[in-house]
Amino acid sequence: MSIRTVSTQPFTDQKPGTSGLRKRVPAFQVPNYLENFVQSIFDSISAPTGATLVVGGDGRYYNREAIQIILKMAAANGFGKVLVGRGGILSTPAASCVIRKYATFGGIILSASHNPGGPDGDFGIKYNSSNGGPATETVTEAIFAKSKTISSYKTFDAADVALDTLGSSTLGTMQVEVIDPVNDYAELMESLFDFPAIRALLASGFRIKFDAMHAVNGPYAQAILEGRLGAVAGSVMNGVPLEDFGGGHPDPNLTYAHDLVEIMYGDGAPDFGAASDGDGDRNMILGNHFFVTPSDSLALLAANATLIPGYKNGLAGVARSMPTSAAADRVAAALNIPCFETPTGWKFFGNLMDAGRVTLCGEESFGTGSSHVREKDGLWAVLFWLNILAARKQSVEAIVREHWAKYGRNFYSRYDYEGLPTEAANGVMSHLRDSFATLTGKAFGNYTVATCDDFSYTDPVDGSVSTKQGIRILFADGSRIIFRLSGTGTEGATLRVYLEAYEADVSRHGLDAQEALKELIGIALQLSELKTRTGREQPTVIT
Ligand code: G16
């Protein structure tokens, strides 16, 4: 057993996207591809000799192989200890929890989140810092710079580490501790929420369905919902994590979580439904025949936070990504707390949470979370909702409708055009940028453009600036159309069009969102010339 230095050539395409490096599995299987990226991480983070690292992933295809490679490289790069989830499993929020609880130097999380898995599916890797959150752009840029000049990496020649039994072993001088992936996280949840009240709600006949989508949250949901909270057996569906997610697309939205949607919109639907994604950080919330948009969910959680033991003293502030609707802003204004608007990407919330300036954060992309960890957290959001339902003893729909009556409704929808030729997608964006000068003040039907810009963000904590974070067309009445290119896809380009219209009139709150947003959708298509420039008549996904 010895440390070996291996010569390598740089790859030019290792730029981390919205949340780490995501590629097809075969790309990661190219000799040295993963090793180069891991060495670039280690070379960029200046970990002291003997530091502790957390490693885990969502269990997708190639997770186990990648973990063995990372463990051997960590041993060769001077780490003293690695905490790894049993079977190589850690949901993304659980990894964040473990990094924080054991005050480790950082962690490596293996996931391509909601993207499909399997031998031809997607894989991903990202580095999280000691605060438990995704590395900031300064760090990811350093990793990318390193990946372009790397000439060697270090590994440790040894047999694979046994990952399926709890306990310690060694790789040279480095200790590998296989930990239970669920316990630390479940304890954290129990410290935040009123488990006895939720248990009583579930015992009273309140029926729930949680769709783990054959992804990492299955064991977490079984242990917490059916185990600690006593939900009836079968409340968790698709609860066995599979390397290819059963051939599904583990993205909790109305299109991909169709099994759950059918149940929640069928005869005898349960009272509450929820789903989470590949790595357990996203969530979708449903009532009986009712869908809660992620933007509304964030606003609802903020408005009801003091009902929850972990948040009973109120919130320091809230934050949302720029394309997320302004529903949370209205709650923040009423609570007289700050509301921050950040670029898309959970990493932008970290500084605000570390500085104690926000407690709750959320994104339209089915992500909600709080300062309990530094990742968005799917099961946390489900427990937050269950705690509200236990405290208020009303249906999901009644709670949301009451919220709209008080604050108004921000109608919201997102159109995704996936797998576009990159040039066509870039063409739409530059055409829109070129139109800025002529748009301001122009009227389109009921809407007049107030301003338009390319969103830019100056981090209020460290002063770093992020530019070109999405094109905003802001209308005089507060309605918005946003155009943005996704940073998480692995094939071609995905163009997202985000639509939002505010409605104060309660008599119109029952409208279908697509109906309420029809005129804005037409304006978005007209302004962007999307159909002619991309040849796409319809979006691939509407949420
Ligand atoms: C990641 C990020 C989120 C972001 C989402 C969508 O989520 O962590 O902050 O909102 O991607 O990003 P994009 O619009 O660029 O595709 P996840 O769940 O994929 O890790």
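Each Cβ is built from the backbone N, Cα and C atoms, and glycine gets one as well.
Distant neighbours of the compositional bias 'Polar residues' (1-17): 23, 30, 32-33, 35-37, 39-40, 75-76, 126, 140, 143-144, 147-158, 171-172, 487-488; these residues of the same chain sit at least 6 beyond its ends, with a Cβ under 8 Å from one of its Cβ atoms. Residues annotated as compositional bias 'Polar residues' in TrEMBL: 1-17.
In the predicted model, the domain 'Alpha-D-phosphohexomutase alpha/beta/alpha' (14-153) has a mean pLDDT of 96. The domain 'Alpha-D-phosphohexomutase alpha/beta/alpha' annotation in TrEMBL covers 14-153 (among others).
What TrEMBL lists as domain 'Alpha-D-phosphohexomutase alpha/beta/alpha' is 184-286 (among others).
Annotation source TrEMBL lists domain 'Alpha-D-phosphohexomutase alpha/beta/alpha' at 295-407 (among others).
DSSP labels the residues of the region 'Disordered' (1-22) in these numbers: 0 helix, 10 strand, 12 coil. Feature annotation from TrEMBL assigns region 'Disordered' to 1-22.
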- prompt: Per DSSP, what is the residue tally for the domain 'Alpha-D-phosphohexomutase alpha/beta/alpha' (295-407) in helix, strand and coil?
  reply: 60 helix, 16 strand, 37 coil
